[in-house]
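**Student:** Can you keep this structure in mind? I'll have questions shortly.
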Amino acid sequence: SFIPFLLVFHFIPVVVSQFPYGYSQLSYRFYDWSCPRLTYMVKYGVWAAYRNDTRIAASLLRLHFHDCFVNGCDGSILLDDTDDMTGEKNAFPNRNSVRGFEVIDNIKEDVERFCPSTVSCVDILTLAAREAVVLAGGPSWQVMLGRRDGVTASQQAANEQLPSPFEPLENITAKFTSKGLDLKDVVVLSGAHTIGFAQCFTFKNRLFNFRGSGKPDPMLDSSALTNLQTICPNLDSSNTNLAPLDSGSMYRFDNKYYTNLVNKAGLLESDQVLMQDSKTAAMVNSYSMNYYLFVNDFGTSMAKLGNIGVLTGNKGQIRKKCGAINV
C-alpha cells in the first residue's frame, strides 16, 4: 500500500522543475539530456571572444538587453534584414553600436555540430550575457532555458520600445513597467553600465549646451566634465569617439557605477538622473555602499529580464542560423 505513494512522491519534483509556475515550459534543466554540454560551449565561446576583446562583455550584455526589450526575449535582434522585413539591427538605438553578433553565431555553429536543431539562438544569447558578466568579475545567476526563436523582427518596435539616454526617468520607468519590470529593476539593470563604453553623441549635450543653455550640465562634476570635453571635443567628428561608462573601472563588474552617480560623475543623463528622484537615489546610495547587495539584486533582475515575453512550446522555431529564419 506504500508503493503508489512513493511513486507519486518521486515524480512530483520532476514535474515542478520541468514546468515551473508562471513560465509554462521554461526550465533550469531544459537541455540536460538533449544538449548536456551546452553551458560549457557557451562559456568557452564567450571566453575566447573576451580574451581577444575585453569590451565584448559589455556588448553581449547589451545585446541581450536590447533583444529582450523589443517584443520579448526571442532572438529578434539577431535577424538580418530581408526583402520583406526591416529588422532591429539598424534601428536608431542599435545602428553602429550594438555588437557581438559574430560571437553568438560562432557559439551557435559549435552547438549545431553537437546538438543539431536543438538549442535556440535566444537561449545561447541569454547564457552568453551571464558568462560575459562572470568573466568581467560579476555575479552568476541561474538561467531558465527552453526559449524559442522568433520568426520576425521590427525596426519600428526597436525605435519605440528601447529606453534612450535622452529620456526623462518617468519615460524610462514606463518602458520598464510595460515589460513587467519595476523601478528597482531600472536602478539595478542600469548598473550594467559598470562596464562598457558609450559614444560621445549619447552624452555630448551635457558637456557644452545642456538643454539649450549654452553651458554644461550643472549636475556633472567639474573634473569629470574636463576629462570628457577632452575625449569629446565640441566637433561633429567626435560623435563616435568612445568614453567609458564607468571611468574608474571600465572593464570590471563592480559597484563603482553607483559611487560615480553619488559623486555626480555619471556619464549619461539617464544614469545621473537616478540621483534626482528620492526613491531611486536611496537605492543608488545603498548599492554604492554595498557591493554584495548590488550583485545579488543584479542576478535577480537579470533573471526577470530573461523571462520577458518568451516563446515556448510550439511557438517560434529553433533557428539553424541566428541571422535568418528557417526556410
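Keep in mind that glycine also has a Cβ here, set from the backbone N, Cα and C atoms.
All annotation found in TrEMBL is predicted automatically rather than curated by experts.
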**Student:** From the candidates Cys68, Cys73, Cys115, select the one that TrEMBL records as forming a disulfide bond with Cys35.
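**Tutor:** TrEMBL annotates a disulfide bond between Cys35 and Cys115.
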**Student:** Among Cys68, Cys121, which cysteine does TrEMBL link to Cys73 through a disulfide?
**Tutor:** Cys68
**Student:** Provide, as an integer number of angstrom, the distance between the C-alpha atoms of Cys200 (disulfide bond) and His193 (heme b binding site).
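**Tutor:** Cα to Cα, Cys200 (disulfide bond) and His193 (heme b binding site) are separated by 15 Å.
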**Student:** Using Cα coordinates, what distance in whole Å links Cys115 (disulfide bond) and His66 (active site, proton acceptor)?
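**Tutor:** Each residue's Cα considered, Cys115 (disulfide bond) and His66 (active site, proton acceptor) end up 27 Å apart.
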**Student:** Could you measure between Cys322 (disulfide bond) and Arg62 (site 'Transition state stabilizer') for me? Cα positions, answer in whole angstrom.
**Tutor:** 17
**Student:** Nearest of the recorded positions to Cys121 (disulfide bond) by CA-CA distance, picking from His66, Pro163, His193?
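**Tutor:** Given the candidates His66, Pro163, His193, the nearest one is His66.
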**Student:** Go through Arg62, His66, His193, our recorded positions, and report the one whose Cβ sees the most other Cβ atoms within 10 Å.
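**Tutor:** It comes out as His193.
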